Amino acid sequence: MYQPDFPPVPFRLGLYPVVDSVQWIERLLDAGVRTLQLRIKDRRDEEVEADVVAAIALGRRYNARLFINDYWRLAIKHQAYGVHLGQEDLQATDLSAIRAAGLRLGVSTHDDMEIDVALAARPSYIALGHVFPTQTKQMPSAAQGLEQLARHVERLADYPTVAIGGISLPRAPAVIATGVGSIAVVSAITQAADWRLATAQLLEIAGVGDE
């Protein structure tokens, strides 16, 4: 049963681009995307604060679900829609502070054991990855593939889920067919020859998410 310790999110978050700049946040919001994540890695809070503030303001303007990856203190300070954390960040994060601030929480997982850890935190949604090999970031685990993804989705049938990792436009329909509520994409949009067309096609497949 879906009873998160954090504010709930829609069961289907739809297309969920993960990008590293405010410019991409603005482009995608303008293109109709309504669930996004700002993921800027390996910089100090003070170096990214202006970008976090700008991204959150854009999310509000478009009434979108804007998640901040990792920088949970800044997300709380500036009242983001939500925070996304990797497994390695869970232990070092004050989850009670995120909860008290009324922010949603998403957690990454890569296998059944990590799903157990995520469920113990009772987040707003659980990300399942990486589905396919990905060049976007170094991954310590093997790609899960569609069969494993479908098994995890079935296990988490009552939970909002997000598939991530190597999801290209041609692969997206098969990923959605597993029943997962959302697909997170990176290079499928940011490295597309025509990002507007790629975004429109992915929105056709995954939707904008439930209200």
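Cβ coordinates are placed from backbone N, Cα and C, and glycine is handled just like the others.
A quick note: this is a predicted structure, and the numbers were derived from the prediction, not measured.
Listed features, source Swiss-Prot:
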type    : residues                                 : note
BINDING : Q37, L38, R39, I40, K41, N69, S108, K137 : 4-amino-2-methyl-5-(diphosphooxymethyl)pyrimidine binding site
BINDING : D70, D89                                 : Mg(2+) binding site
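The two recorded residues, L38 (4-amino-2-methyl-5-(diphosphooxymethyl)pyrimidine binding site) and D89 (Mg(2+) binding site), have Cα atoms 16 Å apart. Taken residue by residue with DSSP, D89 (Mg(2+) binding site) is part of a helix.
Of the listed binding-site residues, namely L38, I40, the sparsest Cβ surroundings within 10 Å are found at I40. For R39 (4-amino-2-methyl-5-(diphosphooxymethyl)pyrimidine binding site), other Cβ atoms within 10 Å of its Cβ number 19. For K41 (4-amino-2-methyl-5-(diphosphooxymethyl)pyrimidine binding site) paired with D70 (Mg(2+) binding site), the C-alpha to C-alpha distance reads 8 Å.
Here D70 (Mg(2+) binding site) is positioned 8 angstrom away from I40 (4-amino-2-methyl-5-(diphosphooxymethyl)pyrimidine binding site), judged by their C-alpha atoms. Under the DSSP three-state reduction, D70 (Mg(2+) binding site) is assigned to coil, being neither helix nor strand.
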